[in-house]
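Copied over from Swiss-Prot:
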{"type": "TRANSIT", "residues": "1-20", "note": "transit peptide"}
{"type": "REGION", "residues": "19-41", "note": "region 'Disordered'"}
{"type": "COMPBIAS", "residues": "24-41", "note": "compositional bias 'Basic and acidic residues'"}
{"type": "REPEAT", "residues": "80-114", "note": "repeat 'PPR 1'"}
{"type": "REPEAT", "residues": "115-149", "note": "repeat 'PPR 2'"}
{"type": "REPEAT", "residues": "150-184", "note": "repeat 'PPR 3'"}
{"type": "REPEAT", "residues": "185-219", "note": "repeat 'PPR 4'"}
{"type": "REPEAT", "residues": "220-254", "note": "repeat 'PPR 5'"}
{"type": "REPEAT", "residues": "255-289", "note": "repeat 'PPR 6'"}
{"type": "REPEAT", "residues": "290-324", "note": "repeat 'PPR 7'"}
{"type": "REPEAT", "residues": "325-359", "note": "repeat 'PPR 8'"}
{"type": "REPEAT", "residues": "360-394", "note": "repeat 'PPR 9'"}
{"type": "REPEAT", "residues": "395-429", "note": "repeat 'PPR 10'"}
Amino acid sequence: MRRRLSSVLINNQCIASQRHYHTSRPEKPTKKASSHEPTHKFTRKPWEEVPFLTDLKEIEDPEEALSLFHQYQEMGFRHDYPSYSSLIYKLAKSRNFDAVDQILRLVRYRNVRCRESLFMGLIQHYGKAGSVDKAIDVFHKITSFDCVRTIQSLNTLINVLVDNGELEKAKSFFDGAKDMRLRPNSVSFNILIKGFLDKCDWEAACKVFDEMLEMEVQPSVVTYNSLIGFLCRNDDMGKAKSLLEDMIKKRIRPNAVTFGLLMKGLCCKGEYNEAKKLMFDMEYRGCKPGLVNYGILMSDLGKRGRIDEAKLLLGEMKKRRIKPDVVIYNILVNHLCTECRVPEAYRVLTEMQMKGCKPNAATYRMMIDGFCRIEDFDSGLNVLNAMLASRHCPTPATFVCMVAGLIKGGNLDHACFVLEVMGKKNLSFGSGAWQNLLSDLCIKDGGVYCEALSEVISI
């Protein structure tokens, strides 16, 4: 039986306010248990999991989660902080913010002491929902829950504001840190620097960086990576390299991402050899090349049609005992398929599976599109089956390509199978995709395949 939380709150006004940090044995319930109704005995040892939390994990529907919360409460279970926080997280994740507000009122009424991490999570969920004002409101109310507010929650709020395009508000809260008796750390400055760089305001970002040094806050590798990345994207490699030297002088060790940003900048300028040289120079600076560095070089070679050189880099990785991941393999698969070297791409797919690297949706999609490109629809269908078995799903465009190709090849049974799969997956072409299919089969080729298409659709 479900009860609205508002009625529970009214009934609970009669109960004396006290903190609850443990469970007590309730009276035995008289009503029949539902599928999610608690049946546990509430006496437990300290190391045992709370029965409410165990049941809550099995529920996806937020309304059912609320119902379970009330059922436990009616049976005498005394909810503590882990119960409240778990329920609040689940409700916030589903964006049931009205229920979140009600539970928070109950938390305050019961004087349950909360951790700052609860409010940080709520601020993030409000930010993802675009509810900036609610995020700010939660931040202001943290102390009213007998919780100490630190720079961590301020950083969370500033980040949410920056992500939602509220840079001025973010700077205002940053400037007000002193009034809140909080001292900004490197994370605080990094968030603002990133925000200004996203707005292409280099001068403002530099001003924040200077302020960071004035306050004697040590810049981190993230700080420099943000600045170097911006300069590389804007083709100012001279300044980017100067910043690299500056961070080394300050004994801030560059990481693989730092060198990756510089390498990508050099590749964009057509200086592949310089980028490759930099990758090997980084070892002398105490930084081992990683997947990101090899990926940048392989992507650049692929774009320039130098796929065989990219394959040599893959072999070099193996010699250095750097295990390629799905991203690395996908770079090769993509460019091989683009160059219509699809059988080679398929061998790469087979190799990655033998090496224990699972293909992702992008891998399968590129392979299917590649086989469609060379009009080998039977092989494409085999890859499609493997993709579906791996619980991945092609895009409507890939389905259209497969259906059109199979119909043109006279393989109507397999075309029907593909449409059947779409139906089982509750997928639809969409009006645009259907138009493309009709155009491909009934217009471009003089309408010779219209009858076959009609037959497939009727089946």
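Here the Cβ of each residue, glycine as well, is placed from N, Cα and C on the backbone.
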By a Cβ-Cβ criterion of under 8 Å, what residues six or more beyond either terminus of the repeat 'PPR 2' (115-149) are in contact with it?
81, 85, 88-89, 92-93, 95, 97, 100, 104, 107-108, 156-157, 159-161, 163-164, 166, 169, 180, 182
Distant-in-sequence neighbours of the repeat 'PPR 6' (255-289), which means Cβ under 8 A and at least six residues beyond its ends:
221, 224-225, 228-229, 231-233, 235, 237, 240-241, 244, 247-248, 296-297, 299-301, 304, 320, 322
Overall pLDDT of the repeat 'PPR 6' (255-289), taken as the mean:
93
For the repeat 'PPR 5' (220-254), what are the DSSP-based totals of helix, strand and coil residues?
26 helix, 0 strand, 9 coil
Residue list, the repeat 'PPR 4' (185-219) vs rest of chain: Cβ under 8 Å, 6 or more residues beyond ends.
151, 154-155, 158-159, 162, 167, 170-171, 174, 177, 226-227, 229-230, 247, 250, 252
So if I exclude everything within five residues of the ends of the repeat 'PPR 9' (360-394), which remaining residues of that chain have a CB under 8 angstroms from its CBs? That is, six or more out.
326, 329-330, 333-334, 336-338, 340, 342, 345-346, 349, 352, 401-402, 405-406, 409, 411, 414, 417-418, 421, 425, 427
